[in-house]
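Engineer: These came from Swiss-Prot, pasted as-is:
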BINDING   232-347  3',5'-cyclic AMP 1 binding site
BINDING   350-466  3',5'-cyclic AMP 2 binding site
COMPBIAS  71-80  compositional bias 'Low complexity'
COMPBIAS  109-118  compositional bias 'Basic and acidic residues'
COMPBIAS  200-218  compositional bias 'Basic and acidic residues'
MOD_RES   S193  phosphoserine
REGION    25-231  region 'Dimerization and phosphorylation'
REGION    71-90  region 'Disordered'
REGION    109-139  region 'Disordered'
REGION    154-179  region 'Disordered'
REGION    193-218  region 'Disordered'
Amino acid sequence: MATYQTELDLFKNEVEQKQPNDFLQFAANYFTKRLEQQRTFVRNQESLALSKGIVLFPSTSKHDSVAASSASLSHGSSKANASQSGISSSGVDEDVLFKSPFVDRGPHSTHIVDHLDSTHSNTTASPAKASGGDAPGIFKGNFNVGTESQRKVNSSVDPMAPEPTATTHSFPRRSVVNPKPLPINFNAQRRTSVSGETLQPDHLDDWKPENFQEKSPEQVSRLEKAVGKNFLFNKLDSDSKKLVINSLEEKSIPQGKEIIKQGDEGDYFYIVEDGTVEFYVNNQKVNTSGPGSSFGELALMYNSPRAATVIASTDCILWALDRLTFRRILLGGSFKKRILYDDLLKNIPILKSLSTYDRAKLADALDTEYYEAGQTIIKEGDTGENFYFIEYGEADVSQEGKGVITKLGKGDYFGEVALLNDLPRQATVTATARTKVATLGKSGFQRLLGPVVDVLKLNDPTRSKH
């Protein structure tokens, strides 16, 4: 998102244009409108993410809240019964604590018995609670700060000591029959599921990778070839690809050293600069690769186990890229691209019928191409595979025997005739100045421009011929 300075500059320009009499009211109206636009955009992104199975803003459903309340009542009642029967709390099954990091006690120390006295049990199971009144909300358990929070943060805690008395709003826990003790640092630093980190794209404007280092022209040339072969980097724009290359970290690996091990969690993607590596699956050699090759791609997408063991068969020089850096670069580039193309697309008349959600999907599918003055973008008679929007620049449209028939500029589009009618290109389009175009492939054209196709057909210059 735009930085605060950009927002102030936009506001300043608006003030200079409108010259409002009531400045404060104008400012209030302006920023209220900007906030509404931003919130609308964020919610549309949430809908788009949900359609792809990604949850941007996790929440607790009503069903989960009811289940949690029931579990809490049952838990409190069983503790109270145990207390009244004279059974010590140590005889009750221990609870596994996998709670939010915002509660008073850490989740990774050990299994801890939750000692609730009969007073707290009775309070928890009171009729008011049972009837659903004042039930724990979404933040009551996760962000609960009780009297225990007065303890010093850096105070030493015996991991085997019993847990202090919980507050009345403690988060309900799952009971485990005959639990096995966990190591003290169990899962404290690593994820065990196939997942990705949560990132905020609006915080990436001024971010620079920790291992960022400008590479020499020779290194850039070699790494571009290696990166270009990999499907993960094919759709990156030139700036993002350059950032990836300059974020690669050089690693020297001696002969015989194990680089990655089958079954381990993957954190890095590797490019072989020099040397040879061998791949083993279940201790069986399956492949060998040398300079220019790469491996470990899935580590950039998911925190997934390694599919093979890789060993350096000679002394090797590798370039490594960690998953978090790649995801930041990819997300930051995609977010900026979506913002940029949303502004472009909503100003193109034929796309007025698209919703913000549809424009966002269209923006994700667009690729960028550059043409210098005199270069041909499409040629008459060729097979049509792409639809084009001009982001900036100028181009001439010409036909054989007729010469230049029209000129195109920013916001204009071309290439739709061949896609609509499955015909060869009906004209040649040549850049007359440096021109940047956004292109949409044939499959994306048919899939994403459904509401617009009818408008394009009405504006088809060859329509009278069919």
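Placement of Cβ uses the backbone N, Cα and C atoms for every residue, glycine included.
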Engineer: Would you mind checking how many other C-beta atoms are within 10 angstroms of the C-beta on D322 (3',5'-cyclic AMP 1 binding site)?
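Structural biologist: Excluding its own Cβ, D322 (3',5'-cyclic AMP 1 binding site) sees 19 Cβ atoms within 10 Å.
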Engineer: Any idea what the model's mean pLDDT is for the region 'Dimerization and phosphorylation' (25-231)?
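Structural biologist: In the predicted model, the region 'Dimerization and phosphorylation' (25-231) has a mean pLDDT of 54.
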Engineer: Can you figure out which of L232, Q262, V277, G292 (the binding-site residues) comes closest in space to A395 (3',5'-cyclic AMP 2 binding site), comparing Cα atoms?
Structural biologist: L232
Engineer: Considering only the binding-site residues I350, A365, E380, K410, which residue has the minimal Cα-Cα separation from L232 (3',5'-cyclic AMP 1 binding site)?
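Structural biologist: Going through I350, A365, E380, K410 one by one, the Cα closest to that of L232 (3',5'-cyclic AMP 1 binding site) is A365.
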Engineer: What's the CA-CA gap between V277 (3',5'-cyclic AMP 1 binding site) and E380 (3',5'-cyclic AMP 2 binding site) in angstrom, rounded?
Structural biologist: 48
Engineer: Looking at the binding-site residues I350, A365, K410, R425, which has the shortest Cα distance to S247 (3',5'-cyclic AMP 1 binding site)?
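Structural biologist: In terms of Cα distance, S247 (3',5'-cyclic AMP 1 binding site) lies closest to A365.
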Engineer: Restricting the comparison to the binding-site residues K410, R425, L440, which residue's C-alpha is spatially nearest the C-alpha of A307 (3',5'-cyclic AMP 1 binding site)?
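Structural biologist: In terms of Cα distance, A307 (3',5'-cyclic AMP 1 binding site) lies closest to L440.
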Engineer: By CA distance, which of the binding-site residues (E380, R425, L440) lies nearest to D322 (3',5'-cyclic AMP 1 binding site)?
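Structural biologist: When the Cα distances are compared, L440 comes out closest.
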Engineer: Sort the binding-site residues I350, A365, E380, K410, L440 by C-alpha distance from Q262 (3',5'-cyclic AMP 1 binding site) and give me just the closest.
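Structural biologist: Nearest candidate: A365.
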